[in-house]
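The structure under discussion appears below in the form of structure tokens.
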Amino acid sequence: ISPVPPYSREQPIFTTRAHVFQIDPSTKKNWVPASKQAVTVSYFYDSTRNSYRIISVDGAKVIINSTITPNMTFTKTSQKFGQWADSRANTVFGLGFSSEQQLTKFAEKFQEVKEAAKLARDRSQEKIETSSNHSQESGRETPSSTRASSVNGTDDEKASHGGPADAHLKSENDKLKIALAQSSSNVKKWETELQTLRESNARLTSALQESAASIEHWKKQFLACKEENEELRNKIEELEEQCNEINKEKERNAQLSRRLQELETELQDKELELEELRKQGEIIPQLMSECESVSQKLQAAEKKNKDLEEKVVTLRTEVEESKHRQTNLKTELKNFLDVLDGKIDELHDFRQGLSKLGIDN
């Protein structure tokens, strides 16, 4: 159903485009998109009721139908977003504009319409008071005449004061007819407003029940969060213990690293010693070969000495045996013995030198 029937006297006085949002009825905090894209948002003026409405339609769906009252306030929450609360619709509408200039124009128009609604309400009260005073002066006690004078005000009355009495009565008659018609429309309007208030009360009751259910839900969520918080604390304590163990492992690793460096240093020293021993090992075979050569020479000399000793013994025996027989050979034998003694001494010295050399090696 269109919010503006074709036979209505409502006319658009300002139109813009914006993204429409409504407050989430469950949380009362988050915005819920009412339109998938930017839609037309218009101010409408009802000349019959002297009222203003903001209306927006997305396809065949009415997403905004808000009657502006003097108590409403349009608030800019950002450079391109504004909102206002509608107690009759029991919601909060939000509009997102493509530029700050559009938001400013909409807010200025909202303030103008709000002031116009306030002025219309004040004029309506003045007309009611004026028509009430006029009906008391003219002696009319009918409620319908009081309503009639309150709606049209006093301008027509001032225009009719200067005419004849019949014209004045006729004018009053016309006023009463118009007031009666307007009073009937006012009764319908008040009935509509009463029904709106009842619906609003029902929505408020439903919202209160939803809020109570939401409170229970949030209580459960709070308990769940509390349990989760306790679990997280336990996990944090476990992680802290693991961190302490890791720190201990790091200290042990540092000690092992220092010990490893010390062992590497000792290994380098050992390698140097081993290199020196290898160098010495290369000299040992040469010394051993020399020692073997000297040993062979010593063995040869000892064998030769033994042979010589045996010969000496033989010669002595022969000499002793031939003393009597070879007297002529004494001189030669003496010379030979002298030479032999010298050779033995040299051989003995040579043997001592070889023995000393073997001991030194």
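Using N, Cα and C of the backbone, Cβ positions are placed for all residues, glycine too.
Caution: TrEMBL annotation is automatic and unverified by curators.
The structure displayed is predicted, hence computed values, not measured ones.
According to TrEMBL:
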COILED    173-325  coiled coil
COMPBIAS  117-129  compositional bias 'Basic and acidic residues'
COMPBIAS  130-153  compositional bias 'Polar residues'
DOMAIN    5-117  domain 'WH1'
REGION    117-169  region 'Disordered'
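Residue counts for the compositional bias 'Basic and acidic residues' (117-129) under DSSP (helix as H, G, I; strand as E, B; rest coil) come to 13 helix, 0 strand, 0 coil. Confidence for the coiled coil (173-325), expressed as mean pLDDT, is 83.
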